[in-house]
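Scroll down for the structure; my scribbles are underneath it.
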Amino acid sequence: MNPASESVGTASANVPDATGRYGAFGGRYVPETLTRALDQLAVEYAKAKADPAFQAELDQLLQDFVGRPSPFYHAKRLSEKCGGAQIWLKREDVNHTGAHKINNTLGQALLTLRMGKQRVIAETGAGQHGVATATACAHFGIPCVVYMGEEDIRRQAPNVFSMKLLGAEVRPVTTGSRTLRDAINEAMRDWMSSVDTTHYILGSVVGPHPFPQIVRDFQSVIGSEARVQSLARFGRLPDSVVACVGGGSNAAGMFYPFIEDKEVELVGVEAGGRSDGAGDHASPLTFGSPGVLHGSYSYVMQDDDGQTCDVHSISAGLDYPGVGPEHSYWKDTGRVRYTDCKDNAALDAFDALASCEGILPALESSHAIAAGMKVAAEKSSDQIVVICLSGRGDKDAAEIARLKEERK
Amino acid sequence: MSSIDQVFADLRAQNRKAFIPFVTAGDPSLDVTSAALKELSKRGGSVCELGIPYSDPIADGPVIQASYTRALQRKIKLSQILEMAGKTTPEMSAPLVTMVSYAIIHRHGTEQYIQDAKAAGIAGAIVPDLLVEESGDFAKICQANDFSLIQLVTPTTSRERAMRIAETSTGFIYYVSVAGITGERTQLPPDLLDNVSWLRSQTKVPICIGFGISQPEHVRTLKKVADGVIVGSAIVRRMGEIGEKSEEQVIDEIGDYAETLIEALNE
Ligand SMILES: Cc1ncc(COP(=O)(O)O)c(C=O)c1O
């Protein structure tokens with residue numbers, strides 16, 4: 001095992017190693033029953049990655065079905081409001097199904113077919129990953145079951161409805177905090193009994209190896225496009241790149257292609273919730289400690305016995321006590337700066353983007369907007385801040401109305 | 001020779017099989033857990049398993065998960081569990097092992113966990129989320145402390161892998177009967193006996209079968225190939241009836257239940 005200290009200051013794109021380690025983080029902490037499926041997935045993914053036909057099929061889908069490349073948009077009025085750097089948005093919100101999650105689910109659905117599996121399961125918090133999985137499964141004709149915490153079902157009703165319309169079965173999870181973390185537990189349990197016929201399309205860069213790598217690679221299309229778009233527009237790379245971090249998939253996809261570009265500042269934004277007190281936020285990189293959760297070694301919110309703490313965020317997609325292992329590695333190596341954004345600041349950022357630009361961001365993405373505005377405000381007008389707008393806010397409209405009523 | 005090795009050596013000499021009951025620590029209380037462990041040991045349990053409640057168990061079915069949730073809602077802490085174990089093990093003839101997530105061991109510190117468990121008279125650990133690839137360092141510390149590390153083999157484990165697991169497992173090998181989570185089942189998979197017999201021919205380490213076992217009929221079938229059986233959910237479910245029934249009554253019933261299975265094992 002490579003202790004974290006060895007990797008500090010040397011973040012590179014050359015992770016994970018063969019055992020799925022990002023420095024000290026990552027690996028596989030799962031029941032033995034799942035190892036065969038994980039090995040199969042790793043082997044099949046390596047083959048797919050080397051197969052030009054696989055990449056071509058995925059690229060075609062991303063173009064024709066998802067609408068990629070997604071726009072790179074100059075948020076002029078928002079930039080003026082901040083009075084600093086020029087803010088540019090990487091518009092994952094205009095993707096089919098309204099978020100970055102579709103990039104990953106189409107890739108994994110293709111892997112499902114390659115592995116000859118006949119059924120898909122998934123977990124979802126905000127519902128975006130559930131909708132994206134249901135969509136990919138409908139596209140390919142694969143039966144699909146989505147696990148979702150009861151609390152999230154309440155918060156994200158429009159997405160629950162969409163999943164059902166797309167033919168997925170939504171299974172409410174009533175254990176624990178009834179949120180994303182419990183939905184992952186339930187999905188893993190289902191997978192334990194169905195590994196031979198079922199692929200688990202995990203929705204973020206979390207879980208046992210090879211999931212964090214697969215999801216990062218599929219999401220890297222975001223950062224790769226943003227890089228090309230920056231070079232085309234400005235003839236140079238941006239000064240800062242900002243993205244929100246739940247499990248960390250949109251951020252990993254946005255950051256990864258810039259990792260070796262040391263001149264680009266990378267900022268990950270966690271859910272700061274109501275306060276810095278335990279249970280009031282969902283910021284494991286800011287307040288957590290290294291531990292084991294959901295099959296990998298990473299920063300988690302845990303008590304002194306290793307029990308996972310309850311977390312809170314107004315945004316269902318960020319309401320998660322763990323984070324992808326590669327983010328832990330980036331944190332310890334200092335390559336990415338992690339910060340957090342409070343519930344109220346995210347709501348204000350939502351309003352700012354809506355009123356200045358005519359875009360309703362997802363509550364998750366509103367966290368990135370808030371932090372991105374801060375970053376921009378400290379820079380000069382010839383500098384460039386790119387924010388990943390990971391998804392659109394339609395799904396959150398009713399919840400935002402309720403939260404605003406509460407704030408009055 | 002560790003205390004668990006001794007148990008299996010004695011059982012083999014008598015041509016008998018091990019009965020390994022599982023109880024959740026702290027459900028409904030640590031006092032009841034202690035009483036249940038003593039009772040199960042007294043009634044002929046060969047090794048007892050103590051489940052350390054964990055907030056995010058993945059290998060466990062609804063019955064054991066719910067018992068973990070109940071215990072954690074009572075704010076049960078590892079230090080209290082070990083303290084209870086320390087008071088209970090001197091009164092048990094059966095060695096006690098913990099079933100514990102690596103999340104908890106890691107947080108406590110691997111070395112410290114083994115020191116503290118040993119001080120409480122605990123003889124070994126089953127760590128369901130620590131795969132053979134990840135267990136090297138922990139296995140070394142276990143070995144140095146004569147602390148058994150009981151590894152799991154499942155129906156999805158390849159034969160080559162099963163051999164590797166068998167080589168590193170001490171005390172016994174935990175053969176998981178089904179690809180799935182814990183919980184009582186009526187039927188056992190048809191190829192289970194063949195798979196265990198094959199493993200039996202490859203290693204001298206005792207093999208005990210768990211997951212899904214609850215009936216004397218299961219036990220009669222499995223004893224042909226296994227050195228013992230592990231019964232969890234069927235006991236935990238009965239413990240969950242405390243409240244409707246008195247503690248004494250339920251502990252007595254669990255003892256009776258254990259005895260029927262032990263009889264079936266050794267008839
Ligand atoms: C729009 C949006 N952004 C971000 C997230 C957070 O996930 P991740 O950190 O994996 O990108 C979610 C999760 O559901 C989401 O729906």
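Please read every residue number as a count from 1 along the shown chain.
Glycine is no exception: its Cβ is also placed from the backbone N, Cα and C atoms.
Look at TrEMBL and you will find B:GLU49 (among others) tagged as active site, proton acceptor. The number of other CB atoms found within 10 A of the CB of B:GLU49 (active site, proton acceptor), across every protein chain shown, is 27. DSSP classifies B:GLU49 (active site, proton acceptor) as strand under the three-state reduction.
What TrEMBL lists as active site, proton acceptor is B:ASP60 (among others). Of all Cβ atoms in the protein chains displayed, 29 besides its own lie within 10 Å of the Cβ of B:ASP60 (active site, proton acceptor).
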Alpha-carbon spacing, B:ASP60 (active site, proton acceptor) to B:GLU49 (active site, proton acceptor), which is rounded to whole Å: 14
